[in-house]
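Visitor: What follows is a single structure, and I will ask about it in a moment.
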Amino acid sequence: MNRLLWGVVPTALVVGTTTLCLVPLPEVRYWPMAVFLVVLAAAAHRYTAVTRWLGLGHSLMGTVQALSWLFAGPWASLMACLAPVVVPRTRKPWQVHAYNVGTFVIMSSAGWWGFHWAGGEYLGNARHPIQDVAWPTVVGALSQLLTNILLIVPGLALLRGHGLPALARDAATVLRVGSFNQVLGSVVLALATWGIHPRGLGLLVAAVPLMVHMAVLATIQEAETGQTRALRTLMRAAKTSDPYLEPHGARVAEYAKEVGRHLRLGPHQMESLDLAARLHDIGFVALPPQEGEREQGHGEQGARMVQGLPFLDAAARLIRDSHVPVPAGAEMDTERAQPIELRVLQVADAVDALVIERPDITVEEICDLLEADPTRYDRRAVDGLREARPVLRRHDVALEDLPGWWRHDLPRAVRGAA
């Protein structure tokens, strides 16, 4: 992370300072609108987790920043880049906040210069909707996206050790998903603003859908807060009963999300997968240690524990079947086919167990072991693991201190050899 900071932060300081020095302040009449857009962009950042749940990714903040070019040049968008520090979504180390601010500054500056060099004009000077507004906004929004990719690729290379093919796939995914939301949204709002722009009235009209959207996000945020509290209660109960459950679930969730991203799962699938991975073994909390069929019954018990919570309905189904083998021929039989999230969960669960059993194992060796048991591990999920190549997370607990049931996650061949 520190290596990334040494490259990103100085670059952001140079790029941001140069941009502000070369572009004069907007006219005083636009200052209230500029302040409004800074606040709106900061709010968009604050609710990014919710917009990602809705399938919008990070496009809302980028759309607001693109709209601000029509009123305040780069000034409003660059001021909004401080949002990760001023209104952080979660507590993170200062290095993460510095990296986020730096990347936002570089992306926003690149977007403004793309807008400017494409012939973009301030709203009061715009005369042609295509030439002065739509086309420059497209170029600016794409400049933001491409800069984002250029910043993501070296970060993934350093932090995850991804090779060139995997990095190219990640970059293509960012460009494909981001371009549809951010570029299209930016152009629509910019044209709406220009079309009814007498002295800024257009901004207020164009901002109405955004304001409604933000109100909806606030409601969803309240629901998410309730969900988070319920999850924390469940995890505290699990930690009290068995300290191994919580870190094991967290590691499985990280593996599962890595594989899910490479399989291009949707936002709702990713949410269910994350929740199920964290709670898939929680059924052990309610089962007595002396029960003979404890490993076989904990999935059903875990599903019963969480099925009363509406936001965990989909996760409950995954928890219930988390150790059900893949039926032979299920790929061709839609009635017996399991959801891909379940198959990813089973693979991720096995990864964590294999890393405990063999600390020096590699991703490639794990994939070979899982492919040797096609009735339990789905080929597509294993291929996703091989492509994702996640960083394997070692644990610091001695084997003799682990609960006796942890070996139930190992592939049968490894369990038998042990």
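A Cβ is built for glycine as well, from the same backbone N, Cα and C atoms used for every other residue.
Note: TrEMBL annotation is automatic and uncurated.
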Visitor: Name the residue range among 138-159, 336-357 that TrEMBL annotates as transmembrane segment.
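Guide: The listed stretch tagged transmembrane segment in TrEMBL is 138-159.
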Visitor: Transmembrane segment per TrEMBL: which of the ranges 6-23, 204-221 is that?
Guide: 6-23
Visitor: Looking only at residues six or more beyond either end of the transmembrane segment (99-118), which have a C-beta under 8 A from one in the stretch?
Guide: 1, 4-5, 8-9, 11-12, 15-16, 19, 23, 62, 65-66, 69, 73-74, 77-78, 80-85, 135-144, 146-148, 151
